[in-house]
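Written below as structure tokens is the structure these notes are about.
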Amino acid sequence: MSYASAFAFLREHNLLHGVPEHELSDTASAIETVMFADGQPLVVEGEASNDCFFVSDGKVQVTSRNLIGNTVLLAELGPGSLVGEIGLLRNERRSARVTAIGDVTALRLDRPTFDRLAVSSPLFHESLLLTVRIRMIHRLLRNASIWSAIPDAELRGLAEITKIKKVSKGETIVKAGELVEQFYMISEGRLEARDAKKRRTTLLNGDFFGETGVLTDTSSELEIVAAEDSELLVMGKSEFHYILSYYAPVRAQFMEILRIRSPHLLSKVTPDIGEAPKADETKSVLPKAKERWVELLLWLGGAFVALSLTAMFLKNDWLNYAALVIGGIVGPVTFVSYIRSHQLLGFGQARLGMIFAISAIVAVPLAWYVEREWLFGEGAAPFHFGPITLPLSISVIEESAKLIVCIALVRSRQMHFLMDAVVFGAAAGMGFAAIESVIYGWAHIGDASSVGMLSVLWMRALLSPFGHGTWTAIATAGIWVGFAALKSKSRLWSKVSGAIVLLAIVIALHAMWDYHLATGLAKMGMMVAVGCVGLTLLYALIRAGKREEFHAFATLNPYVQEALSHVDPSDYNASELHCEGCGTVSPRETRYCARCGRALRIK
Ligand SMILES: Nc1ncnc2c1ncn2[C@@H]1O[C@@H]2COP(=O)(O)O[C@H]2[C@H]1O
């Protein structure tokens, strides 16, 4: 672009009205015309800021990365727009990526030219400060997907009335017992929330607080203190109520947050924000869970076959022991992994492994001890256990031993969903089954060819889905339903009786499995029937559990479709996200943890 056209462009620009002619002339002669092809970046997020651009011809797309690494569209800007000014004015790295849509001609101003212009025109400087502030807040709000349902023009309006508050380390933002009149979102820094029991939670950028007080007019149960110098976005109570009454998906999100964080206050919502609508689950797309169980089955099964064949060939005791252990866990571990692959919002594998191990270490010796004392030892003398009462007693003892491990878990605050109970129950049951298999296999380890041990292990591995894992998953689900009913008090009796029925079914199934009178075909028929009933019930529970998880997920993470022209090529790509708040795992697209409401982020 020639000097004359650059000068004319600057003189016509509404940001530069009132700038003296000689300044415009100096700027025009320092300007460099740059052409960008479709998809080429003018500015790259996170890079150092050395220049800014006036778009003179064509259109650009402004995008930024949100906390989970997805590209979010901030704006599409046409001729006359200024981009790259935030980095220069605030002396910071680029806050966003600016990409050409089609061919673009831009006028590049280097830092000294920009600084001279800003100093020479207070008007230019003032209006820049204003747009920079709004653009920055708008970017933070757009990236925080709790506002994703709000159309862009309104979100810019919201950015205008949102205040930025700087807080210093140690400053108390909310006192416990105080009424909260504002809604806060952390844009930078780290805060700490402390509850009455002095439990601490760290809050980071993207996390918010104050919504409970603003929605229910109750005093804060938490104290919020800045753990380091931080920056907050603050929204007044009436603006917050207005947004919720106007945007149904945002209302549904905050009601879900209230249900997660303070369910006892749900009935106290004071403003008339209308009913929380049902989330549009049809639009939510779920990333498919990784089916790790197939890999596990192949690896463990393969290792078992290889070890047992080598052990038989070399007649080596240690290899035999290794085959025994692997053979004992192959069925149980695969089964737990299969059930876990149906869970949307689960816990990490370490936690499952721990439950598996605890059940093996605690429940098996406990059941064995009680059975020996009460059924087969001296204590059993006054009773005569018949063919029905014996398996029934074994069933009650073994199920209770496994449930002892699960009950503590079911009662924990983090156990939010029915699927948690199903998965933890399956892990506890299968920990028990694995040790049992190893013990049965051990009894045959001395057999000349080890064939006895191998056939016991293979048989038990094949039968494992029908047994302990399924029963304990159902029983733990029953306990979970019972506790949930006691907590919520809604439809108390129907739920408690549902829980009792589930437990009774499990005890009956286990007893029938161990029933000894039936022989041959009858025994097999009985086992098939027990297996089918157990698996059908488990399948029904998994379906209900998945629906429940999906509803919570979709309400808190409504579907967002970005009309992007170009996606940032360095988009983050992982299969799962870990919540720093509660340590659980959510699918890749989750923006807020459906268990604790905290913002998820890539590391
Ligand atoms: N919310 C927004 N709306 C429009 N443009 C923006 C927004 N946020 C950032 N930008 C522009 O994107 C540019 C990225 O680099 P800078 O941070 O230097 O300056 C930024 C602004 O010019």
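The backbone N, Cα and C atoms fix where each Cβ goes, and this holds for glycine too.
Residues or ranges marked as domain 'Cyclic nucleotide-binding' by TrEMBL: 15-117 (among others).
As annotated by TrEMBL, domain 'Cyclic nucleotide-binding' applies to 146-244 (among others). Break the domain 'Cyclic nucleotide-binding' (146-244) down by DSSP state and the numbers are 26 helix, 38 strand, 35 coil.
Annotation source TrEMBL lists transmembrane segment at 296-314 (among others).
Counting only same-chain residues 6+ beyond the ends of the transmembrane segment (320-339), those with a CB under 8 A from a CB of the stretch are 292-293, 296-297, 300-301, 303-304, 307-308, 311, 352, 356, 422-423, 426-427, 430-431, 433-435, 437-438, 441-442, 445, 450, 453-454, 457-458, 460-465, 469, 473, 538, 542. If you look up TrEMBL, you'll see 320-339 (among others) marked as transmembrane segment.
Away from its own ends, the transmembrane segment (351-370) comes close to residues 332-333, 336, 340, 397-398, 401-402, 404-406, 409, 423-424, 427-432, 434-436, 439, 583 of its chain (Cβ-Cβ under 8 Å, at least six residues beyond either end). If you look up TrEMBL, you'll see 351-370 (among others) marked as transmembrane segment.
Through the fold, the transmembrane segment (422-443) approaches residues 324-325, 327-329, 331-333, 335-336, 339-340, 343, 346-347, 352, 355-360, 363-364, 367, 398, 401-403, 405-406, 409-410, 415, 453, 456-457, 460-461, 464, 467-477, 538, 541-542, 545 of its own chain, all at least 6 residues removed from its boundaries and within a Cβ separation under 8 Å. Per TrEMBL, the feature transmembrane segment maps to 422-443 (among others).
Beyond the transmembrane segment (463-485), the same-chain residues lying 6 or more positions past its ends with a Cβ under 8 Å from any Cβ of the stretch are 331-332, 335-336, 339, 398-399, 402-403, 406-407, 410-411, 415, 418, 420-426, 428-430, 432-433, 436-437, 491-492, 495-496, 498-503, 505-506, 509-510, 513, 527, 530-531, 534-535, 537-538, 541, 545. According to TrEMBL, the feature transmembrane segment maps to 463-485 (among others).
The transmembrane segment annotation in TrEMBL covers 492-512 (among others).
Residues annotated as transmembrane segment in TrEMBL: 524-542 (among others).
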Worksheet item: Using DSSP, how many residues of the domain 'Cyclic nucleotide-binding' (15-117) fall into helix, strand and coil, respectively?
Response: 25 helix, 46 strand, 32 coil
Worksheet item: Excluding the flanking five residues on each side, which residues at least 6 beyond the ends of the transmembrane segment (524-542) place their CB within less than 8 Å of a CB in that stretch?
Response: 339, 342, 418-419, 422, 463, 465-467, 470-471, 473-474, 477, 502, 505, 509, 512-513, 515, 518
